[in-house]
């Protein structure tokens, strides 16, 4: 095969991949359920509002669930599937064992199944519920396209998520693999403005020798906090339940809790973005909305792909559904 033919084949492959991506994105649309189930977004919003009123930490829980779902096989609600015996689903993978919010998604799904059977996907419920929780916590209320379908595979072994101790180049690789940019990554890490972390994820920054890049007063405070078994700390020590730009202001003051948080200000590629977000909450808010919409489009199933589950934790009863080891 000559070089010219090889180039033509490569060009066709690239074009084919791009067309598939564009078609998937085009089949998602704002108000996808306006005709088939017009009360969808109202039902989701009301359920999230009720949960938020009693537990404002639901915003952090849903943001984490959404991220963990989209970064494994795309935004297909595969994280919701329950394991069957020894066959472990994504839900049982190490990073997902502390994910919360399943009961809320199930509650919303049950209501929607009563109103519009087999119509609204669990993947869209996660996406909409996350958007609504962000708005309730003071973040942007962005229009989010819907029309996703639910995945047919959930495999614990597929779960490979960026850890809290990575360098910026290491973390960025995970994001670029999903079609996201450096700006998207710095923006999405801003969800830590409402996050918490167990002490074991940053204990090495406190002892035996305190990390010099951490504010010494904060390090001493965290050392006391983490003396208690299973202790946790807010990743934003100031406005812990509000989606705002305070996280970036804190890490610029050397008050990042996780290694990856502080690395954002130390790496020359990400530092200017942090400075921009810390200086202007509106710039962060717009970037956050854009990044969330973009993340919610990762490898989505549309059209006749996948299924619309009747129960978010269980595949519909057909032979091609897989929970594998």
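Cβ coordinates are placed from backbone N, Cα and C, and glycine is handled just like the others.
TrEMBL does not curate its annotations; it predicts them automatically.
According to TrEMBL, the protein carries these features:
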ACT_SITE  68  active site, proton acceptor
BINDING   162  substrate binding site
BINDING   193, 236, 239, 244  Ca(2+) 2 binding site
SIGNAL    1-25  signal peptide
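Sequence-distant contacts of the residue listed as 'active site, proton acceptor', defined by Cβ-Cβ distance under 8 angstroms and a gap of at least six in the same chain, are 79, 90, 95, 96, 99, 159, 161.
With respect to Cβ neighbours within 10 Å, the binding-site residues 193, 239 differ, and 239 shows the lowest count. Across the fold, the C-alpha of residue 193 (Ca(2+) 2 binding site) and the C-alpha of residue 162 (substrate binding site) stand 18 Å from each other. Taking the centre of the Cβ atoms of 193, 236, 239, 244 as the Ca(2+) 2 site, the nearby residues of that chain (Cβ within 8 Å, site residues left out) are 194, 238, 240, 241, 242, 243, 245, 246, 247, 250.
Its Cβ taken as reference, the residue listed as 'substrate binding site' is surrounded by 18 other Cβ atoms within 10 Å in the chains shown.
Most Cβ neighbours within 10 Å among the binding-site residues 236, 244: this distinction goes to 236.
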